[in-house]
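Structure first, then comments.
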Amino acid sequence: MKFFDEARIEVVAGDGGNGAATFRREKFIPRGGPDGGDGGRGGSVYAVADRNLNTLVEYRFKRSFRAERGENGGSKDCYGKGGEDITLHFPVGTVISDLDSGEPIADLDVDGKRVLLAQGGRGGLGNLHFKSSVNRAPRKRTMGQEGERRNLHLELKVLADVGLLGMPNAGKSTFIRAVSAARPKVGDYPFTTLQPNLGVVRTDENRSFVIADIPGLIEGAAEGAGLGHQFLRHLQRTHVLLHLVDLAPFDPEVDPVRDALAIVEELRKYDESLYNKPRWLVLNKLDLLEPEDRAPRVAAFLEAYGEVERHFEISALQGEGCRGLIFALQDFLDSERANIHAQQAAREAEERQRLAAAQSARSAAEAEALEADLAEDALAEDALAEDALAEDALDDDADGEDADPNAR
């Protein structure tokens, strides 16, 4: 199946049903009053991440999706049936944005993640809602609200831990075949790889990582030259980049150092964050060099290239040096994942503390308010008691005057 990593679609939520303007009509009840029901809500459109999908090809041919309209309200206060929602399934890693405003809507980075794309319209009100003491037979009703309509841009960024980059024919596809079960096409000509390939590398039963191979880059890729610039987005979610270099090119005019530095410059032009990712240098095709020439060739390359974070020397075709590289990658990724989990746990703990503090402050405020209310009630009771005593005293004085008429 051809790989599609970009698409544009239109989603339209259902309109709400209209409210009804009807009146109760029964035998012996000449003026039954209004009984129009509300319209049903319109169906909404949702997106869900599905790990069983790996391309947006479905959305290149069908581009418009419309949810069901809500039914109109009926007599006898019958509500209209709500419209059916629709759910669109996308590959994990799909980024959805509004095509008109450019506003990001969702990043479906976790399998099963569900996001609302377009909200269905509310149903209209029946005339039953407009009955009042001065209008006993209203004919007013409201129409259903229109559902949301949005034009969306879909962009798939594959979820991989390690990304491969390099010039065409640097041996990237051969490397991914050597370390995983992926079987991309390989050949002795440039641009053998025309679309991204993913491979799962297992270092033991419980440890693995995903590696992504994209078409080779050439100088000027950031401005649109070649194929690789179309797929650089797939490296943005990776934790580390492997920069493969052909250390033994067939063409004597090819300078591996110049080509390697050109790739680094294209990364910088395309995306600064991608340029700043951890990047390991992998010197490939050592099997094409005589054993006594390998060390001098590697030393000369590193001296001309400049400082590197880490470098490895391999032969992807013969598997030489690949085992040490993948175990180094696994250790690095385990450390990265542990750091990510620790940061996430720290954020969750901080959020729990914030919520606990807010709850404590709210409880204290409620307790203070309750105490103030109790104090106010006590003062009111004291005032009532004083008023009652005063009234009793007045009543006693009045009774005394009535009992002794000579006291005047």
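Placed from the backbone N, Cα and C atoms, the Cβ positions cover glycine too.
Record features, source Swiss-Prot:
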{"type": "BINDING", "residues": "166-173, 191-195, 213-216, 284-287, 315-317", "note": "GTP binding site"}
{"type": "BINDING", "residues": "Ser173, Thr193", "note": "Mg(2+) binding site"}
{"type": "DOMAIN", "residues": "1-159", "note": "domain 'Obg'"}
{"type": "DOMAIN", "residues": "160-334", "note": "domain 'OBG-type G'"}
{"type": "REGION", "residues": "385-408", "note": "region 'Disordered'"}
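On the structure: features taken from Swiss-Prot.
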residue	record	DSSP class
Gly166	GTP binding site	coil
Lys172	GTP binding site	helix
Pro215	GTP binding site	coil
Lys285	GTP binding site	coil
Ser315	GTP binding site	strand
Suppose we draw a 10 Å sphere around the Cβ of Asn169 (GTP binding site). How many other Cβ atoms does it contain, all chains included?
22
Using a 10 Å cut-off, grab the number of neighbouring Cβ atoms around the Cβ of Lys172 (GTP binding site), all chains included.
31
Around Lys285 (GTP binding site), how many other C-beta atoms are within 10 angstroms of its C-beta?
23
Is it possible to get the count of other C-beta atoms within 10 angstroms of the C-beta of Pro215 (GTP binding site)?
25
Do me a favour and check the Cα-Cα span between Ser173 (Mg(2+) binding site) and Ser315 (GTP binding site); whole Å is fine.
12
